[in-house]
């Protein structure tokens, strides 16, 4: 054994021969030489060639296969997480957010409109939605070889009085013209327009609507007073009427003709999208108004039966009312000239101090016409020569709105706070709803004209004070609409079907007789009139007459002053409810009513072309 040069022992195995050892040494020498050669090459030639990466050609770009797969895996992971999150959100229990419930005015509005469906006469349309009503009055007008089928029964009886019916259609049309967006928002625009058309289609039958002029019109179908069986003596469902129904015609009817002209003219604006029908309405309004001016006299003087129920006190207020609507419907300046004639307003009572000044109803349209013409001055301003009368109407409108506020004590009120615009007479609620409509409407006119309020002597009131009056505010201690809907000493709603407590013995033939019980003009009908049981049919939306001046109310079928509804009263209810429903700042449709009126002043000339040297 000997030590090698690196200090390690080196032993030779005697069992291994010299040749084997020689071969092993050669193998080691070759391996060392190969390693040495590779090391020398690396020193001389640098690093060896790297392996080429795998790539993917995507057409618009070439990227690494590893990068591409990484992106794909990342997208899949994100998609999985998102899908899992959505699954959790969809299946997890949660509280649903509902839209805010409709206000009381909107709920009552749906019912108030339904009342008109219950009052329809003639062959009823599909979907009339009153289960206890059917076709009726299919021979109306036949006694004079006329077609007077259709229209509306006036109240709890089966008579068609055309004077209050025309007023009801005018009022409904006015409410649609001002608040069409509100009607649409609550899903009633189509319904209310159908109700108006049902009425105007019938009014067009009451005179020769296609003629160039007319000298007579029908004022009424059915009779209320007489010796023979009639609509007031008999207690029968409209479907069972078996007694004569005379149709009454007159050639002297300034008030009726002008009111019907107002109804047709206002409706022509509602239906301006239907050009043919709108023009038909305008033509009918034109010839009726001409008749009212040419053949002067009160209609009730020539139709005695009507005088006992809807006696007209005059016709100059209808001249203002009908003329204003015809101006809006046609743009004919002659109508504006007429309604701004001082004598017309004076004869209508515009400059008097009557105790009923400012009271709006089927007989007195003066304040309605003044509000309508004040709208013209505020939002269009025709100027000279109309300004003097229009300004006086505007001032008087302000005074009337002041008189509505209980602080001035112009009208009496019940202990419960209801203002009595008919000064303690029967059936006060129809006057209350009309005042609520005009007050709310005038408030919206002020807002549309960007006028902050109006003056009552030295006191300036903001526009919203009128809306507060119409609704319910303790600060002014008056609440016409909320009183009617249940905030009264009896805690009773005076709109049938609204709330938990409302009149159950409504003075109404169709509502009080079961559908399957045919009656005759004898004791079989009186049985249901005098029954102690509530009406078998609920006449939804009917505004009854209302309480007495002491807030007392008798829910008795036989006492019509308390429990009978009318279409004129319900038209005012609908108008007030739509004006008050929804948001207070919704406002009116300011310009639609002016669509037929041409510009008052010529358009300014176009600018001169630019000057060039």
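Glycine is no exception: its Cβ is also placed from the backbone N, Cα and C atoms.
Annotated features in TrEMBL:
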REGION    1-24  region 'Disordered'
TRANSMEM  67-89  transmembrane segment
DOMAIN    105-577  domain 'Glycoside hydrolase family 9'
ACT_SITE  507  active site
ACT_SITE  555  active site
ACT_SITE  564  active site
> In sequence order, which same-chain residues at least six apart have a C-beta under 8 angstroms from residue 564 (active site)?
Replying inline: 155, 156, 427, 506, 507, 508, 544, 545
> How many other Cβ atoms are found within 10 Å of the Cβ atom of residue 507 (active site), counting all protein chains shown?
Replying inline: 25
> Are there any residues in the same chain, six or more apart in sequence, whose C-beta is under 8 angstroms from the C-beta of residue 555 (active site), and if so which?
Replying inline: 503, 504, 505, 562, 563
